[in-house]
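Straight from Swiss-Prot, the features:
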| type | residues | note |
| --- | --- | --- |
| BINDING | ARG26, GLU88, ARG127, LYS458 | (6S)-5-formyl-5,6,7,8-tetrahydrofolate binding site |
| BINDING | 234-239, 253-259, 278-281 | GTP binding site |
| BINDING | ASN234, THR253, ILE255, THR258 | K(+) binding site |
| BINDING | SER238, THR259 | Mg(2+) binding site |
| DOMAIN | 224-378 | domain 'TrmE-type G' |
Amino acid sequence: MSITKEFDTITAISTPLGEGAIGIVRLSGTDALAIAQSVFKGKSLEQVASHTINYGHIIDPKTGTIIDEVMVSVMLAPKTFTRENVVEINTHGGIAVTNEILQLLIRQGARMAEPGEFTKRAFLNGRVDLTQAEAVMDIIRAKTDKAMTIAVKQLDGSLSQLINDTRQEILNTLAQVEVNIDYPEYDDVEEMTTALLREKTQEFQSLLENLLRTAKRGKILREGLSTAIIGRPNVGKSSLLNNLLREDKAIVTDIAGTTRDVIEEYVNIKGVPLKLVDTAGIRETDDLVEQIGVERSKKALQEADLVLLVLNASEKLTDQDRALLNLSQDSNRIILLNKTDLEQKIELEQLPDDYIPISVLTNQNINLIEDRINQLFFDNAGLVEQDATYLSNARHISLIEKAVQSLEAVNDGLALGMPVDLLQVDLTRTWEILGEITGDAAPDELITQLFSQFCLGK
């Protein structure tokens, strides 16, 4: 996908393929109205007012056959998402009808849009910057209301504003350094001393480091916590999974070894998306299929952000239990003593003090798991502060870290007594790195790669 501006007219189906109440086929470009009009029987789309919805029929211009009864939205440039003429054909939902209309539009001169091309045009035409474009996809992929809140704030420009303001301050500082170098005789320009440059770079660094502190929370809310449910066979792992999901997605029986693979599900725990991984019971076994499941379970444990270790409170600790306690001790772990509704035989004195007694059968203390997750990952603070700007995108986090390193290089140079003018390089690099976040200084290959991750029709 080229990153140069293109003025051909593109089209794509913007709703998921399948049966539904409506389907939407979108057009964007200079000829959007003319192409839509060529297959539309109703009002003249080229004469109706912008941002209106118009009733009519889609017809095959060759045969005159009616394809569907539709409502057509007309939006004229520049007051559209792409800042081009946009037409959206609202059809009855269905694979056949939307595909037929799409093919008609292509035959009439539109080009099939590439993934993310509508949003790419919005970026190229200055409607959104790169962080806002990425926020569009984050909204689509948000699994909880908290993740959606962060994405909407980013789409609204909160992160862009912070980055742009910081870049402007850095640019002002660079300009002041340049004036001092080129025109040292000017008395009305504040001298950029070593002390003043140190003060400014420390101010920039502090701001970016504060932003980085939001990254852990933001990334969790955006991507979720990979959560491994581990334990020896038949201690209630799958029952716990089903309890958290509130539906029967895993096989639950009284036969040890019935979970022979890794089952993954997402669940919303107080606004935090947990990617729950129900692992096969980790034990020695001669069953080849079960052995594969056990190996996958060990891998899931190593990669997990959170480990829920389930023990059977109605039985004494086994060697397998002790092995799992040792295996998971360096993880963010919550120990769950299940089956507390039965007579307890487990040796509590051999366990860490932070276990939670639960009964999946009676739902006892399941809510405490949510509280412990909040304690482990958010220090019991609220998940999202309404006025805060959060980093949640791995690309943004990496670039902010690089920008901080560049500022540290400036401060290190100042500490070594380097002349102010020699430190311009690192300060300029900081300015360029921040520009990659918003797209002002992003390489063409990066922009192409980012938009290729979008879905068709967006």
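Quick reminder: no glycine exception, Cβ is built from N, Cα and C everywhere.
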Number of other Cβ atoms within 10 Å of the Cβ of ASN234 (GTP binding site) across all protein chains: 19
Structural state of ARG26 ((6S)-5-formyl-5,6,7,8-tetrahydrofolate binding site), classified by DSSP into three states: strand
Lowest local Cβ density among ARG26, ARG127, LYS237, LYS458, which the record lists as binding-site residues, within 10 Å: ARG127
C-beta crowding around GLU88 ((6S)-5-formyl-5,6,7,8-tetrahydrofolate binding site), within 10 angstroms: 19
Distance [Cα-Cα, Å, rounded] between ARG127 ((6S)-5-formyl-5,6,7,8-tetrahydrofolate binding site) and ASN234 (GTP binding site): 56
Nearest of the binding-site residues (ARG26, GLU88, LYS458) to SER238 (Mg(2+) binding site) - Cα to Cα: LYS458
Among ARG26, GLU88, LYS458, which are recorded as binding-site residues, the nearest neighbour of ASN234 (GTP binding site) by Cα: LYS458
Model confidence over the domain 'TrmE-type G' (224-378), averaged pLDDT: 75
Other C-beta atoms that fall within 10 angstroms of the C-beta of SER238 (Mg(2+) binding site): 24
For (6S)-5-formyl-5,6,7,8-tetrahydrofolate, whose listed binding residues are ARG26, GLU88, ARG127, LYS458, the greatest C-alpha pairwise distance in Å: 19
Nearest recorded site to LYS237 (GTP binding site) by CA-CA distance, among binding-site residues ARG26, GLU88, LYS458: LYS458
